[in-house]
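The region 'NMPbind' annotation in TrEMBL covers 25-54. The feature AMP binding site is assigned by TrEMBL to Ser26, Arg31, Trp52, Leu53, Ile54, Gly79, Phe80, Pro81, Arg82, Gln86, Arg149, Arg160. According to TrEMBL, the region 'LID' annotation covers 115-152. According to TrEMBL, the feature domain 'Adenylate kinase active site lid' maps to 116-151.
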Amino acid sequence: MGPPGSGKGTVSARIIKHFGMKHLSSGDLLRDNMQKKTEVGILAKSYIDQGWLIPDDIMTRLMLNELKGLDRYNWLLDGFPRTVAQAEALDKECQIDTVIDLDVPFETIKCRLTARWIHPASGRVYNLEFSPPRVQGIDDITGEPLVQRDDDKPETVTKRLQAYDAQTKPVLEYYRAKGLLKSFSGTETNKIWPHIYAFLHTKLPDVSQKDAAIPR
């Protein structure tokens, strides 16, 4: 867990590489559905364009449906559950072993997110601070123009962070009360990661040298 732009994607990729889990990202799943213009995708886009969070029943339906095919694996949920109702729905279907919370200051995230531009066709992401394109506004490889996702625009980012905070604090408390929550604070993913790695390594072997996603 962590606010949009807290580094969940980067941390998730590293967890998958080292610990061989199946990755289920609510953001990727939503974008996939929006691109394919599925019923859920069209519905979700109307909320995102307003800077609102997606209603519980839509997210829960989407995620639990995907989880059905992963019961033989260790898996990592990224961006779900975001509300107590979602967490309770998940608990009815699955047993959660641990919850990692990325505690990154909102100001850090705001700078990070509004600096993000993408090349829509390939999904390549540029960050004006850390990994800018060679020519401003242009994709390095194709020379095509970069765009800023609607949800990376400053006014939407502020709205999303406020909505995330209001909705997610109860979820953190929900998992804290169950003794499952482990929080990691910082402003840089590379400094937070070694602590997350050490924590997970007490629970799972590092399989980065072997085939990932080994059925348990």
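Just so it is clear, glycine is given a Cβ too, placed from its N, Cα and C backbone atoms.
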Fewest-neighbour residue among binding-site residues, criterion Cβ within 10 Å, set Arg82, Arg149: Arg149
Secondary structure content of the domain 'Adenylate kinase active site lid' (116-151), with strand meaning DSSP E or B: 2 helix, 12 strand, 22 coil
Sparsest-packed among the binding-site residues, when each Cβ's other Cβ atoms within 10 Å are tallied, from Trp52, Phe80: Trp52
Local confidence of the region 'NMPbind' (25-54) - pLDDT mean: 88
Ser26 (AMP binding site), number of other Cβ atoms within 10 Å: 21
Cβ atoms near Ile54 (AMP binding site) (within 10 Å, other residues, all chains): 22
Diameter of the AMP binding set by C-alpha atoms, the set being Ser26, Arg31, Trp52, Leu53, Ile54, Gly79, Phe80, Pro81, Arg82, Gln86, Arg149, Arg160, in angstrom: 26
